[in-house]
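Novice: Here it is, the structure in full.
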Amino acid sequence: MRIAVIGAGKWGSALHLALKENHNCFISSLHQRDLEDFVSIKEALECEYLVFALSSQGMRAWLKENFINKGQKILIASKGIEDQSCQFLDEIFLDFVPKENFCVLSGPSFAAEVMQKLPTALMISGINQELCKKFASFFPDFIKTYIDNDVRGAEICGAYKNVLAIASGISDGLKLGNNARAALISRGLIEMHRFGKFFGAKEETFLGLSGAGDLFLTATSVLSRNYRVGLKLAQNQKLDSILVELNEVAEGVKTAYAIEKLAKMKGIYTPIVNEVVAIFKGKSVQEATQSLLKQND
């Protein structure tokens, strides 16, 4: 049995380190990297189990260009919604593999702490519960895994919390205090729940690892790149320059645009996301904050 992680960024590298503890695990990306266990894309696709840790915005293009379905079992470890199509990642993968052959990984997990082998808990979601159990068995003892079948809930929580982390970073960057941040996060959880319920996500997902757990982590720590984007926006830095300086993918940026478009199409009330997008488009953080404070629900 062989496992390959597709994507050699921080999260992909952390997953590779964890999975190789007890299994024959490789890592691959489009560009040659000087990494232990690195293999070509062609070699990686020969593995029976694939873990995808690519940018959500580049996932479809990568699959179109490189993927050959050989019955591989897939774990989607990326978090985001494709901006151009407003599709969730599981919808994108359905164009390439049957739904019985993939699961979604979610939960509160900073790559840096996984690399340090610090205790972590993750959720694996899929309609094929036996496959979920199989992927769960691959992880080492310092990672506790749970399984469920709420793929859509896991996808939405994993994507939405990144946008809320940007908003939380803005709040902290403006030095609005712990009370304000707590209010923002709790209202954000309600907003995420409202959005997710429209698409069929399950109630319990929002209060579990995929929802509240990942949101609380991502929205309160400078280890979160999305939170750091918010901090810099609060300093009146331009988004483009922030992303260049970051030199990493902040999934919450493109996902915010996708959620805003979906919410408008479906008539879902998403005030926090709307204000984050307005800030991206030039609205002052102070004005956006005042707009949120005036919201009644």
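Every residue gets a Cβ built from N, Cα and C, even glycine.
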Novice: Among Lys161, Lys175, Lys264, Lys266, which residue shares the sn-glycerol 3-phosphate site with Lys79, Gly107, Ser109, Asp214, Ser224, Arg225, Asn226 according to Swiss-Prot?
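Specialist: That sn-glycerol 3-phosphate site, as Swiss-Prot gives it, pairs Lys79, Gly107, Ser109, Asp214, Ser224, Arg225, Asn226 with Lys161.
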Novice: If one looks at the chain holding Lys161 (active site, proton acceptor), which residues at least 6 apart in sequence have a CB under 8 angstroms from its CB?
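Specialist: Those within reach of Lys161 (active site, proton acceptor), by Cβ under 8 Å and sequence separation of 6 or more, are Lys79, Gly188, Met192, Gly211, Asp214, Leu215, Thr218, Ala219.
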Novice: Please find which two of Lys79, Gly107, Ser109, Lys161, Asp214, Ser224, Arg225, Asn226 have the most distant C-alpha atoms, given that the record lists them as binding sn-glycerol 3-phosphate, and give only that distance in angstrom, rounded to a whole number.
Specialist: 16
Novice: For Trp11 (NADPH binding site) and Ser224 (sn-glycerol 3-phosphate binding site), what Cα-Cα distance in Å is obtained after rounding to a whole number?
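Specialist: That separation, Cα to Cα, works out to 12 Å.
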Novice: Would you work out the biggest C-alpha to C-alpha distance among Trp11, Arg33, Lys79, Ala111, Arg225, Val249, Glu251, the residues that bind NADPH according to the record, and give it in angstrom as a whole number?
Specialist: 23
Novice: Give the helix, strand or coil assignment DSSP yields for Arg33 (NADPH binding site).
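Specialist: SS state of Arg33 (NADPH binding site) = coil.
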